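Peer 1: Sending over a structure as structure tokens; questions will come in a sec.
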Amino acid sequence: MPVSTRSKVMKQERNEQENTNLNLPLRNPHQGLKEKMRALTLLYEQQKRASFSLRNPNHNQSPKPEDQRFKTQLLDSSKKGDRFHRLDGKDSTFVEEDTKENNVFEADRIFGVSSVPVKPSGVIRKLSMGNGARNVSEAEKLESLNASVSRILVFVRLRPMGKKERENGSRCCVKVLNKRDVYLTEFTNENDYLRLKRLRVRHFTFDSSFPETTTQQEVYSTTTGDLVEAVLEGRNGSVFCYGATGAGKTYTMLGTMENPGVMVLAIKDLFAKVRQRSLDGNHVVHLSYLEVYNETVRDLLSPGRPLILREDKQGIVAAGLTQYRAYSTDEVMALLQRGNQNRTTEPTRCNETSSRSHAILQVIVEYKTRDASMNIISRVGKLSLIDLAGSERALATDQRTLRSLEGANINRSLLALSSCINALVEGKKHIPYRNSKLTQLLKDSLGGSCNTVMIANISPSSQSFGETQNTLHWADRAKEIRVKECEVNEEVVQVGEEEGADQAKLLLELQKENSELRVQLAKQQQKLLTLQAENIAAANNNNNISLTPPSISSLMTPPSALTAQQKKKPRHSLLSGTCFTPESLKRTKAEEAVKELQLTVKALKMEMERMKREHGLQMKKQKDELMKDLCSRKSEKTPERCKETRRIVTRGSLRPKEKEKELKSPSHRFASPVAAAKKRSFWDITVANTSPALDRRKTRSHGLVHQEAPSKLLQPGFARPHMKH
């Protein structure tokens, strides 16, 4: 075949292939993205419905007619020859659009380029749910998760409108309904065209909302009453107030003398319950009070250097923080008053007594008891009461003063707190607790095993609308924080066999002594009763014999109680017998019996004190004997050759040796040595060896030789020489 005809044939075949490619419909490149978007929209709607059904189980939500395209669907991928996949239950409009697109573009080929057939996306299979079966399984999983994990309880308290706010013409923008719902209304200007279409009313729902007429006792009983009971059982609890400056946080936590706050009421309730439970065990209450001021931790009960935060297995600990043991409510009130005096409060633009620091009051309750096997059971509960400083906005005209620096540090710590709340809500692995000292101290309260209560304080004034909206927003976010289920902090200390035997022996001895003392007390009571009966019988016999009661009076009143005039002038009238009726006799006898019983009880107490002292002396003797035994064993282990090499140093060994043929005078023992052989004292040695004494410049005074005066110091081994006159 000639070359020309061959080229013509090849061109003709190439043109035919291009024509066939042109006739084929092309694939839409955006078809896969559309399928993914539909699947994600479907998943979002299903998750939204599931969460709504969990929050409101009694609410039956009926699907809207226009939302039929978001029904649960499954891909029909059984046919391999299909060019596109249809979703069951689609509207006709969506089917027509897909058919139009697929008529124009082929699903497997792109113009001019051969491609691999597109596999149906597996995302839709995973995300689509059929007939609500998986909704039920996910709901069960969420219920089981909620049973094992608790959340933070969030409460909102609205303060009343202030006098200055009324004078400035501010309006109330917050309304509390049904003690749960909070409605926030924004008052805008008609000339503010940018905010005309903005949503004016916002609705929030919390665990409980307190209007401005709520008392302090109602707030405490609703928010913190159950936490105190849990702390006594060995669990951890924390309460903190959040809000803008001037919203009433310090009033809610501390209160006044007439209306005490949550801290004071919690302490009173705690000690009242401790007194009720102290019969079956031993309760110990420790107290500490600290503040975070400008990112430094201070001790309010004993001010001094800043404290350092350290972390161990038990949690965040402030090194050097003093803990006071409290025995009564009055002691705690005195400590609180002293700590509040040391707290940093300064007047600001919004509040005359604004808190410039975050205050944290920690109350640790330890309960110890013994079980049947004499093991010590220890339960420790911690209650943290936190008063946060208020966030405030700095004006552009404010100078860089101390107040502005304090406000910047407060806002920085509250920003770190809000970032921790965001991370906890979103379920992130890393929670930025170390961004601030405040979040480090609140680590156990936010993400640990702790029952946490948040009280959001808001202002009703329309002038502080932004701060109120921000506080309600973060409080609504904090509702979603999940914390671990709080377990009982219980520790069982098992007593060793030897210690257990000694303690059991001591317990048996004390029980035996107690039983013996009880027997003696019963005998004394029996004797007392017999004496009383004999006295009453004798008195009755004397009354029957004669009407005069001198015998009865002599029995009832001791002779020392009679005055001199009564001894000189005894009464013999018949009317005197009416002074001693049987009722008065019984009364006096009962008084005597009570006095004798008091004497016996006093004697028994003295005997018990004596036995305790003897027991203490005996334990001390045993301890001394044990120490002597240990010392003797240690001395026996030392080698004997050390004893031989020991040298006893005395004053005689330190004296200079006597020269031969030296005459001894009678006053040799009492005279000091010769001046030439005089010993040099410490000060002479140090002065002579100093560099200035060696290198200093000689003058005329140095050339003169001065005779040294004899030292008046008492030399070792010699007596003071006699003074010559």
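Our numbering is plain: 1 for the first residue shown, then up by one each step along the chain.
From the backbone N, Cα and C atoms, a Cβ is placed for every residue, glycine too.
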Peer 1: Of the residue ranges 1-32, 609-640, which one carries the region 'Disordered' annotation in Swiss-Prot?
Peer 2: 1-32
Peer 1: Which stretch, out of 241-283, 284-326, 413-455, 499-541, is listed as coiled coil by Swiss-Prot?
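Peer 2: Spelled out, Swiss-Prot records coiled coil over residues 499-541, not the other listed ranges.
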Peer 1: Looking at 93-127, 163-197, 198-232, 583-617, which one does Swiss-Prot call coiled coil?
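Peer 2: From Swiss-Prot, the annotated coiled coil range turns out to be 583-617.
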Peer 1: Region 'Disordered' per Swiss-Prot: which of the ranges 43-63, 547-567, 652-672 is that?
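Peer 2: Within the set 43-63, 547-567, 652-672, Swiss-Prot attaches region 'Disordered' to 652-672.
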Peer 1: Tell me, if you would, which residue among A244, A247 (binding-site residues) has the fewest other CB atoms within 10 Å in the structure shown?
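Peer 2: Among the binding-site residues A244, A247, the sparsest Cβ neighbourhood within 10 Å belongs to A244.
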Peer 1: Return the single residue from the binding-site residues list (G243, G246, G248) that has the minimum number of other CB atoms within 10 Å.
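Peer 2: G248, out of the binding-site residues G243, G246, G248, has the fewest neighbouring Cβ atoms within 10 Å.
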Peer 1: Could you tell me which three-state DSSP class K249 (ATP binding site) falls into?
Peer 2: helix
Peer 1: Using all protein chains in view, find how many other C-beta atoms are within 10 Å of the C-beta of T250 (ATP binding site).
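Peer 2: Around T250 (ATP binding site), other Cβ atoms within 10 Å: 24.
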Peer 1: Tell me the Cβ neighbour count for K249 (ATP binding site), meaning other Cβ atoms within 10 Å of its Cβ, over all protein chains shown.
Peer 2: 26
